[in-house]
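Enquirer: Sharing a structure with you now.
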């Protein structure tokens, strides 16, 4: 009995220490959640970083909402997208609504010979914020070998989702480093957090965006550059083919108002509190449950799409 007492005492302190550690960890997590989602960092992004903000894919959805939010904060806006008509319309609306200067650069990011034109268009500008938003996804969930026009689709997905981020960052980052300040927001996706079968190439490109962002932040944070990977779940946009916003599928405007307050607080964010909860649930699910669920969901979307197109 006497020999058991020291062992019991040791186990008591191990248990007490474990409980104290878990309590502190939970308390810190709750504090951080309150700081990020309730308080936010509203003043981090603005003209103090530089006169201009550059937004790729800025004529629709999340990109357009970022451009409007940055203009609202007093930044001049450069929109880079494919359609000159849309660029003109959105830039004029931003100019009139927020009384800021705007510029446009019309390029097709599926091509790889566009970056000299972008370089010329950005020459001489004091760029404080870069939003790498341009992206494309599948027309519908599909098995890899059955993707229509597979070779061309692979090339376009890589050029638009991967090459564009590397090349535009290459053009903008030197000026930020020279001035020792700047923010780069790379729009990834929740599909980049965990593998998404039937969206295989898209999911892989978004995982690249996430890793690229994390690495770039570590390389350049000492130079005053903040790089954030933004990983939203569904947002009501044309790309996502969702028209009506809901609590878990916010409008692009609602999403961006939430996401921009996380800049300076999180280098990796879902951007929206409901999406943060969804991400936490996904991260603790056993992989077999996750894959069974996501395969079932995407198979259902695939079958629905193919049935609809067959009717038409």
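Heads up, the Cβ atoms here are built off N, Cα and C, so glycines get one too.
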Enquirer: Pick from 119-139, 140-160, 161-181, 182-202: which range has transmembrane segment per Swiss-Prot?
Expert: 182-202
Enquirer: Could you state the whole-number distance in Å separating the C-alpha atoms of residue 74 (NADP(+) binding site) and residue 189 (substrate binding site)?
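Expert: Roughly 28 Å, rounded to the nearest whole number.
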Enquirer: So which one is it: of the binding-site residues 50, 58, 74, which has the fewest other Cβ atoms within 10 Å?
Expert: 74
Enquirer: Taking all residues of the motif 'Di-lysine motif' (308-312) together, what is their mean pLDDT?
Expert: 81
Enquirer: Once the chains shown are all counted, how many other Cβ atoms turn up within 10 Å of the Cβ of residue 66 (NADP(+) binding site)?
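Expert: That number is 28.
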Enquirer: Could you measure between residue 62 (NADP(+) binding site) and residue 189 (substrate binding site) for me? Cα positions, answer in whole angstrom.
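Expert: With distance taken Cα to Cα, residue 189 (substrate binding site) is 12 Å from residue 62 (NADP(+) binding site).
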